[in-house]
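Now, the feature entries from TrEMBL:
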DOMAIN    37-286  domain 'G-protein coupled receptors family 1 profile'
TRANSMEM  24-45  transmembrane segment
TRANSMEM  57-77  transmembrane segment
TRANSMEM  97-114  transmembrane segment
TRANSMEM  135-158  transmembrane segment
TRANSMEM  178-203  transmembrane segment
TRANSMEM  224-246  transmembrane segment
TRANSMEM  266-289  transmembrane segment
Amino acid sequence: MQSSTMNTNCSFVEVDNTMKYVELIIYIPIFLFGMVLNVFALVVFCVRLKKWTESTIYMTNLALMDLILLLPLPFKMHATNYSWPIELLQFCSFLENLYFVGIYGSIYTVMCIAGDRWIAICHPFKAKQLRSPKAALIICIGVWVVVFSAIFPIIHSFKGDTETGNVRCFHRFSEKRWNPSVISCLQVFGFLGPALVIIYCSVRTICALQQSGKNSSQCRACVKIIYSSLSAFLVPFTPSHLAIFLQFLVHQGNIQDCSSMTKINLFIQVTMCLSNITCCLDALCYYFAAQEARSARQSIKISLTRERKHTFSTSEV
């Protein structure tokens, strides 16, 4: 996320040259593993699983968001090394907006998963009225509507180079993207708000499980899943949104030292690259969740078998 209007006396050529190699090293494994893992997850959720539950609906939606995030990556790698003709300006804007739809769609889906888990564990009686596959589907559709409505109005966000007739796709954003109102909404509604909801729901759910007095393997597995999901959210997205805020300060003229600007420019590009690892981390959470669901079904079968045996023995007496 670079701009065309930063201090002209400060050169970022060295940073750009470094990022050409860094992006290849980071993006290629993320794209390959992310595509395989998320496509496999969709096959499992949509084909192999017979029953649609709240969890499978949310996880299917998360896998779709991750795939949307992954699709622009090959174009992003190409655009780092080559300029595109000005005729592809609209296509560049579409790809960039699609990329951000994937990022913030996955953030909101993770928030919904955390909230759904909190309701199911901390409010089991209310969950009967609040939770259902239909409600989960409506919420997921709402996430798509909200994210598309927020991202695509600013589709005309790139500046082409009028001298060369070329455009640096995924670079040279117009100042509309760095407007204080845009960045404030991005930070508050795109990261801080969902982060607070996810942290609150995760902490409350963990406390409820630990205070239940049950030290079963199922409870411990559920706690591990919650910690994994929380880490899969905070690790990729916290540094990148901190970098966006620092770059915003540069655009506002609060940071004018060339050395600091260069470091921030490198920081934002590296963290934005690393934020894409969420596609792989989410897929690992799918695996842990599937394992937990399998163990939960097994424990339910065992408890039902014991209850039937106990009822049978009691009736004999």
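From the backbone N, Cα and C atoms, a Cβ is placed for every residue, glycine too.
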Please check if the transmembrane segment (266-289) comes into contact with the transmembrane segment (178-203), where contact means 3 or more CB pairs closer than 8 Å and the residues in each pair are separated by 6 or more positions.
no
Report the listed stretch (24-45, 97-114, 178-203, 224-246) having the maximum count of Cβ pairs within less than 8 Å of the transmembrane segment (57-77).
97-114
Quick check: do the transmembrane segment (97-114) and the transmembrane segment (24-45) share at least 3 Cβ pairs under 8 Å, counting only pairs 6+ apart in sequence?
no
Are there residues at least six beyond either end of the transmembrane segment (224-246) with Cβ under 8 Å to its Cβ atoms? List them, or say none.
1, 103, 107, 110, 113-114, 117, 183, 186-187, 190-191, 195, 198-199, 202, 205-206, 255, 264, 267-268, 271-272, 274-278, 281-282, 284-285, 288-289, 292
Compute the average pLDDT of the predicted model within the domain 'G-protein coupled receptors family 1 profile' (37-286).
87
